[in-house]
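Note sheet for the following structure.
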Amino acid sequence: MASNNVAQFAAELKMPAGVLLEQLQAAGVTKASEDDSLSETDKARLLDHLRKSHGSTDADKRKITLTKRHTSEIKQSDATGKARTIQVEVRKKRTFVRRDETSAENGDASNHVAEAEVDDLELQRREEEARHEAELLEKQAQELKARQEQLEREEAERQAREAAAEVERRRAEEEAAKKRAAAAAEAAAREQQTQASKPAQAAQPAAAKAEPVAAKAAEPVVARQSEQDDERAAAERAAQREAAKKAEDAARQAAEKARAEQEEIAKRRAAAEAEARAIREMMNTPRKAQVKAPEPAPKPAEPAKAAEAKGTLHKPARPAGEAPARPAAKKPAAAAPAATTTPSAGDKKKPGGGKGGWQDDAAKRRGIKTRGDTSGGVDRGWRGGPKGRGKHQDQNTTFQAPTEPIVREVHVPETITVADLAHKMAVKASEVIKSMMKLGQMVTINQMLDQETAMIIVEELGHHAVAAKLDDPEAMLVEGEVSDAESLPRPPVVTVMGHVDHGKTSLLDYIRRAKVAAGEAGGITQHIGAYHVETPRGVITFLDTPGHEAFTAMRARGAKATDIVILVVAADDGVMPQTKEAIAHAKAGGVPLVVAINKIDKPDANPERVKQELVAEGVVPEEYGGDSPFVSVSAKTGAGIDDLLENVLLQAEVLELKAPVEAPAKGLVIEAKLDKGKGPVATILVQSGTLNRGDVVLAGSAYGRVRAMLDETGKPTKSAGPSIPVEIQGLSEVPQAGEEVIVMPDERKAREVALFRQGKFRDVKLAKQQAAKLENMLEQMGEGEVQYMPLIVKADVQGSQEALVQSLLKLSTDEVRVQIVHGAVGGISESDVNLATASKAVIIGFNTRADAQARKLAEANGVDIRYYNIIYDAVDDVKAAMSGMLAPEKREVVTGTVEVRQVFKVPKIGAVAGCMVTDGFVKRSSSVRVLRNNVVIFTGELDSLKRFKDDVKEVRQGFECGMSIKNFNDIVEGDQFEVFEVTEVARSL
């Protein structure tokens, strides 16, 4: 905004108006008050006065003096040995000299060597001023454009008005000319009539003269009229030309003025941009700069050379006569290449007689310190000499910072540390940590991130994330799967599935002619068993799975390893939940079903109802047009067993089951356990190839050489072919049930893959735990008070431990939660007892026992150890213990109703109600609700209960009493008191 008075100008200069008035008075500008107007001439006079008074010269315009102050601390001990901190202040004064361009061109000026050190704040201020000036120039350009458009519109309107006035004037002149012509014609006619009415004496001569007279009288009128028309047309044309010329001149002047203003604005904008560019370059260059003083040089002939000799602020001018290479006198061998050096290559050399400019010095300081000279010049350091001549070339190139961000394709593995992720993106680790903090996670530089989180961070930082292929040794396992061995028919693997207590194991007992079911705890199967049976029709391998709901994972593993599923359904019980689950497992695996309707020997057996229920579940018998054979059997009498086996073998023939025999074995871990004498033991179902004793096997993260191999009867065996279950010993640890078993060529390769899998499992587990920390924290904040029941679960086999842990975790509620501190396979050891002591946990042993040392330690520390053989009992006991941890439920029981008959006001006590107990009884310790018009207005406790003048504990129905209520005196006759007691009721899950 332009300053029109002294006050506004003082506000622009950010100085008091009184000081400005004094300066104006000193400059000879008389202003009495702050409201006096101020012209541009007054400002110019003030500026000249200030320049003269402060001694401003042209030299000051070319010289800038900057002062920098730096404060530091040093610690020094005095004579007594006491340390003191001393403040040290260093003041640096640097002068920046701009060389005169004209004198540089003429070669008669030389600038002194100066050091320029520009403060960062000063540079930012300059850049801000340049940007502000550019914005002002842009705003002025817009205002000028708008003003020019307005002037053009006004000029067009004015020309339109002038043209309309000219047309109106012409029309008026034409009408006046017509009137004058008509008047002249009338006058001529009257004159002719007058001459015709004269005496007839001169008839002949007059008649002879009449025509000439009339012609003479008419000729001047016509001539005058034509002359007037010509003059009028000429005047109109002249006026038109004059108006057009004026309009053209006005338009040309306006265009020239606008062009001049635009050129001025463009020049100012270019100057502002150049200044901003110079400031940015100064900010990007090193702080200390030495400007080389140029030597006098003759005026160059070519413009390009003139521009080169002129020099800039950042690069001193090189004299035209000086060669860009080193002097030939000192380096003859380098003279020839220097002579043929192109100007572009010469520009890279140092512009001085053997000593580089400030840019080269800064580049040397930034670069890596080497023992040899890489500058290609004279100064070769201590290695310089004839032997090292010409070996090094100039390799100091100025690094150009990329102007656009580089988008990288980052391959993210399954787990990666923060430091590695930052290295892949070529950013600092602090940037990655900052992005993680924005996402709500606190991480360290060595923390593992899972793949999903890492890919989110990569995308947040503007790069492209790609899930990397695992660089693991398992890829070689897949490559070596191709085998040239001949595939031969193999026995079918049949899994027996169904609901608990439907007779699965009893059916297998009859087929095996063994008594397995009688030896199982509680009469239910809690392990997955594998048996192969030789029948007259061929060999069949059976897998017996548990039917209890807790063993879902076991049933899923059984369906995965099987070829045919026998679905056992009790004829007297029908389709149950685990029956439906077994059907779902079989359908998910694409395994054919053979339905065995068991217990047909019972009186209440109803096979038809079972068929209808199975049809509703999608299992249609063959007699109804389906593809599932239904066989009615009895595991007790053996009825229908032969038909069942025949249907199973028929299904196997249809499937044409084959597997290579002479090949390395591959299989599946059916069950695994930790035996105290044998170590880790795994039950394996061989699916292809032949497993021999002494082979090196890999099962998940466990590996080892097969030291012993037993069949399902416990007898040693040397080899096992396809579809044969065996029990092997010699693994490094207990493998997870369901893992794939592969025979490896050597133990070194097996160890490498196993260790890789262990590390990957650990990294993935840690990364997932870290990702879930924040969610768990927020969840716990919203939970409030939650009770935890810590448990340590030890089981005989892996599958049972897994099933028991899952069943116990399902008991958790919002108030009480099961916390599995540790779960493993094997007996209860001292380390388990120590862990239970530290975590205050209860140890649950499922088909396992504690050794003597563990029992003594548990008794000494008061650790509770519970033994179970049936999964029902373990789940029920934990459920009962959790019920005891629940907070009791509070219930209100109404004991009586009281009616207020009269109210007494007792000093220092308040209102006392004379009441009649109309229902139930009233106790001194009861709580009471005050009802008025059947609306509760107060709930509180009794303060006193009296009968006559005696305090009583209880008043029953039909008796009168006096009552007062704590903190309530607003008692009115007719109120009712509802007396109640609060009782606590134990809750259960």
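The backbone N, Cα and C atoms fix where each Cβ goes, glycine too.
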Listed range which Swiss-Prot flags as region 'G2', given the options 523-527, 603-607, 718-722, 953-957: 523-527
Secondary structure content of the region 'G4' (598-601), with strand meaning DSSP E or B: 0 helix, 1 strand, 3 coil
Contacting positions for the region 'G4' (598-601) when only residues 6+ beyond its ends and CB under 8 Å are counted: 502-503, 506-507, 568-573, 607, 632-637, 639-640
Assigned element (helix, strand, coil) containing GLY498 (GTP binding site), judged by DSSP: strand
Secondary-structure category, per DSSP, in which LYS504 (GTP binding site) falls: helix
Neighbouring C-beta atoms (10 Å sphere around the C-beta of ILE600 (GTP binding site)): 20
